[in-house]
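**Q** Annotations for this protein, taken from Swiss-Prot, read as follows:
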| type | residues | note |
| --- | --- | --- |
| BINDING | Lys10, Arg11, Ser12, Leu13, Arg14, Arg145, Leu146, Gly147, Arg148, Gly149, Lys150, Gly151, Tyr152, Tyr153 | ATP binding site |
| BINDING | Leu56, Glu61, Arg148, Gly149, Lys150, Gly151, Tyr152 | substrate binding site |
| BINDING | Asp154, Asp189 | Mg(2+) binding site |
| MOD_RES | Ala2 | N-acetylalanine |
Amino acid sequence: MAAAAVSSAKRSLRGELKQRLRAMSAEERLRQSRVLSQKVIAHSEYQKSKRISIFLSMQDEIETEEIIKDIFQRGKICFIPRYRFQSNHMDMVRIESPEEISLLPKTSWNIPQPGEGDVREEALSTGGLDLIFMPGLGFDKHGNRLGRGKGYYDAYLKRCLQHQEVKPYTLALAFKEQICLQVPVNENDMKVDEVLYEDSSTA
């Protein structure tokens, strides 16, 4: 598929997925989030990972709060995204407790993240990551992912490959409504290792 056609197909699919997500009730979003939290906690890749990056969820994403609490209860090391909005650059920076999240300033997307002047341990500078939880608008069962069009995670995964010998395991968290038959992709789009949703089988 030509680049312009891929871009057009992505735009169209993003619109459709946003409609699907808007149609979900808060109760259904919470129900599926709880199911996925339990799947994550039982997942072999999660259990063996020590250094984990996880996104702080927006309203139309799987709620990650319970997973974050479990990361700390198990003594794992937790990193969250710090986006630079003037570019597609993103770092994963360390937080020390779940309670810290409520004290962070919020971005224009209403996501808490440490400010630019807040000096923190950055994952790729101190040993890399074992596991990255991936957000997204849509996914297919082959691991193709449709993001929001900014390219933050694709660029970050490429940096991971330059900084660490073993690629981090990538685990996408999705509502059933976000699973597509086929996600249009180009050569810059990075596949995820596994898409986790209510009806998926887990490792």
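Cβ coordinates come from backbone N, Cα and C, glycine included.
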**Q** Max CA to CA distance in Å over the ATP-binding set Lys10, Arg11, Ser12, Leu13, Arg14, Arg145, Leu146, Gly147, Arg148, Gly149, Lys150, Gly151, Tyr152, Tyr153?
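**A** Answer in Å: the longest Cα-Cα distance is 21.
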**Q** Measuring C-alpha to C-alpha, could you say which of the recorded positions Ala2, Lys10, Ser12, Arg14 are within 10 Å of Gly149 (substrate binding site)?
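**A** So the list is Lys10, Arg14.
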**Q** Please state whether DSSP places Leu146 (ATP binding site) in a helix, a strand or coil.
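**A** It is in a strand.
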**Q** From the Cα of Tyr152 (ATP binding site) across to the Cα of the residue listed as 'N-acetylalanine', what is the distance in angstrom?
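**A** Distance (Cα to Cα, whole Å): 22 Å.
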**Q** If you skip the near sequence neighbours and keep only those at least six away, which residues in the chain come within under 8 angstroms of Lys10 (ATP binding site), Cβ to Cβ?
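**A** Non-local contacts for Lys10 (ATP binding site): Leu146, Gly149, Pro184.
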**Q** In sequence order, what residues of the same chain, 6+ apart, have a Cβ less than 8 Å from the Cβ of Arg14 (ATP binding site)?
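**A** When sequence neighbours closer than 6 are ignored, Arg14 (ATP binding site) has Leu137, Gly138, Leu146, Arg148, Gly149 within Cβ distance under 8 Å.
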**Q** Among the recorded positions Ala2, Leu56, Leu146, whose Cβ has the fewest other Cβ atoms within 10 Å?
**A** Ala2
**Q** Record lists Leu56, Glu61, Arg148, Gly149, Lys150, Gly151, Tyr152 as binding substrate; longest Cα-Cα distance in Å?
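**A** Farthest Cα pair among residues binding substrate: 18 Å.
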**Q** Would you count the other CB atoms within 10 A of the CB of Tyr152 (ATP binding site), including those on all shown protein chains?
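**A** Here the count is 19.
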**Q** Just jot down the residues in the same chain as Asp189 (Mg(2+) binding site), at least 6 apart in sequence, with C-beta under 8 A of its C-beta; none if empty.
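**A** Within the chain, Asp189 (Mg(2+) binding site) has Cβ neighbours under 8 Å at Asn144, Arg145, Asp154.
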**Q** May I ask which residues of the same chain, at least 6 positions away in sequence, place their Cβ under 8 angstroms from the Cβ of Gly151 (substrate binding site)?
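**A** Counting only residues 6 or more apart in sequence, the Cβ neighbours of Gly151 (substrate binding site) under 8 Å are Asn88, Asn188.
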**Q** Just counting, how many other CB atoms are there within 10 A of the CB of Gly149 (substrate binding site)?
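**A** Taking every protein chain into account, the count is 12.
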**Q** Using Cα coordinates, what distance in whole Å links Glu61 (substrate binding site) and Lys150 (ATP binding site)?
**A** 17
**Q** Which residues, sitting 6 or more apart from Lys150 (ATP binding site) on the same chain, put a CB under 8 Å from its CB?
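**A** Same-chain residues close to Lys150 (ATP binding site) (Cβ under 8 Å, separated by 6 or more) are Asn88.
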